[in-house]
Amino acid sequence: MPSSTYPRRRFDEVFLVEISSRILVTQEKHQQEEEEKKVRMAGKANVSVLMSEDASFHQKVAVEKRLKIGEVILRFAMIALALVAAVRVGTDTQTRTIFTIEKKAKYSDMKALVFLVVMNGIVASYSLLQGLRCVLSIYTQSPLTSKPLAWLIFALDQTMAYFSLAAAAAAAESAYLAERGQTEFQWMKVCIFYEKFCHQIGEGLVSTFLVSLSMATVSGMSAYHLFRLYGSKGKSIQ
């Protein structure tokens, strides 16, 4: 009896060891699968984050590119408008005979119109330089990253916007007096004698106000380019 019991006990021990080892292997395999699942989930999460960041980056690049193209268009449009205003006003003359006296009206007779012509010439030259800078920036794909340069461009754009508006306002006031006169000071209406002269001045004024509006828009773009350097902690968008 004892001799028959020993092999069975030995068999039971071997069987238990085999079962235990299989259970351990199964547990280790299950644990490994769980870890691999966690790694895959973390990888998917990282991919989602990277895709989201990439989409946000490309969206910013698209906005930046559209702004640059819009700025180029506006700056070259200002060149054309400023030149039109300067030429129309600067070449404006008309000669009339009033009571046997020949009178010649020209833009230099009114200081406000002289200021208008000079200011439009300055704006056209400045817009040409800035427009070429923008074209070069787009061609070389080199964004504006220098804060001092961004501040300089912003300040110059603001100055040009204010001065062009001041020139347009001063010329408009003079044109109004020429058109309506001033009875309190016994200033007569000049445009009833120099109709062509006044119409040409009006065309120059319209162009100058369009220049002022365009320059104000460009100033807003310059403000965006400047303050994004602080908002993104100096990181530029390629």
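Placement of Cβ uses the backbone N, Cα and C atoms for every residue, glycine included.
Annotated in Swiss-Prot:
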| type | residues | note |
| --- | --- | --- |
| TOPO_DOM | 1-66 | topological domain 'Cytoplasmic' |
| TOPO_DOM | 88-111 | topological domain 'Extracellular' |
| TOPO_DOM | 133-148 | topological domain 'Cytoplasmic' |
| TOPO_DOM | 170-200 | topological domain 'Extracellular' |
| TOPO_DOM | 222-238 | topological domain 'Cytoplasmic' |
| TRANSMEM | 67-87 | transmembrane segment |
| TRANSMEM | 112-132 | transmembrane segment |
| TRANSMEM | 149-169 | transmembrane segment |
| TRANSMEM | 201-221 | transmembrane segment |
Folded-back contacts onto the transmembrane segment (149-169), same chain, C-beta under 8 angstroms, at least six residues removed: 112, 115-116, 119-120, 122-123, 126, 130, 205, 208-209, 211-212, 215-216, 218-219, 222-223, 225-226, 229
Positions on the same chain near the transmembrane segment (112-132), where near means CB under 8 A and six or more residues out: 72, 75-76, 78-79, 82-83, 85-86, 89-90, 153, 156-157, 160, 163-164, 166-168, 170-171, 173-174, 201, 204-205, 207-208, 211, 215
Distant-in-sequence neighbours of the topological domain 'Extracellular' (88-111), which means Cβ under 8 A and at least six residues beyond its ends: 117, 120, 171, 174, 178, 190, 193-194, 196-197, 200-201, 203-204, 207
